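Heads up, the thing below is written out as structure tokens.
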Amino acid sequence: MVLVVGLGNPGKTYESTRHNIGFRVIDALLERRSALNATKSTFKGELHKEGENLFLKPTTYMNLSGESALPVSTFYKPEKILVIHDDLDLPFGAIRLKRGGGNGGHNGLKSLDKLLGNDYYRLRIGIGKPPLGWEVADYVLARFSQEEEQELEERLFPHAKEAIESFLEGKMEWDRLVSRYSLKPSTPKEKV
């Protein structure tokens, strides 16, 4: 069994923000897998079960994500946990798979690390650094530009879904999975 946790903040206010990319990937994945209806909401989150796999969107705020993931993990005892989250240290358009490591100041990861330890798998989705003069909190709670939304829909979400599907199948060695599904940012289109 694999527990896939998408990080984000609950509510319409945060729906399309940079910090909610984990929720959005879970939604895109479940839509494709026909499992969009939540089966349980007793773990401070929306929990979807499909076959042997669990998909969790904590309904706590980002900095309390571990309070949702811990009881799910304790009850179901998954063999692996994959966390999907935004990453300021990667440029927009980049995707990296990683196991363990530091939290990079990400409050959702801090909460998970505190309650679960940090030996879980991660799908890091780059959102880039805030522009000069922006506070980090304002940047991660801002919406993507129209061009970025288009790239999310056409390039990043399909790639992330494919990476997660391969991870869930468990047929590919970790190093090969990391190599195959790491994604560099797209190059800017030349202006004519």
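Here the Cβ of each residue, glycine as well, is placed from N, Cα and C on the backbone.
Per Swiss-Prot, the features are as follows:
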ACT_SITE  His19  active site, proton acceptor
BINDING   Tyr14, Tyr61, Asn63, Asn107  tRNA binding site
SITE      Asn9  site 'Discriminates between blocked and unblocked aminoacyl-tRNA'
SITE      Asp86  site 'Stabilizes the basic form of H active site to accept a proton'
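For Tyr61 (tRNA binding site), the same-chain residues lying six or more positions away in sequence with a CB closer than 8 A to its CB are Asn9, Pro10. One residue stands out among the recorded positions Asn9, Asn63, Asn107 for having the most other Cβ atoms within 10 Å of its Cβ: Asn9. Within 10 Å of the C-beta atom of His19 (active site, proton acceptor) sit 23 other C-beta atoms, taking all shown protein chains into account. Across Tyr14, Tyr61, Asn63, Asn107, which the record gives as binding tRNA, the greatest C-alpha separation is 16 Å. Listed in sequence order, Gly8, Asn20, Leu141 are the same-chain residues six or more apart from Tyr14 (tRNA binding site) with CB atoms under 8 A from its CB. Spacing of Asn63 (tRNA binding site) relative to the residue listed as 'active site, proton acceptor' is 11 Å (Cα to Cα, whole number). All chains included, 24 other C-beta atoms sit within 10 angstroms of the C-beta of Asp86 (site 'Stabilizes the basic form of H active site to accept a proton'). The two recorded residues Asp86 (site 'Stabilizes the basic form of H active site to accept a proton') and His19 (active site, proton acceptor) have their Cα atoms spaced 6 Å from each other.
A straight line from the CA of Asn107 (tRNA binding site) to the CA of the residue listed as 'active site, proton acceptor' spans 10 Å. Under the DSSP three-state reduction, Tyr14 (tRNA binding site) is assigned to helix.
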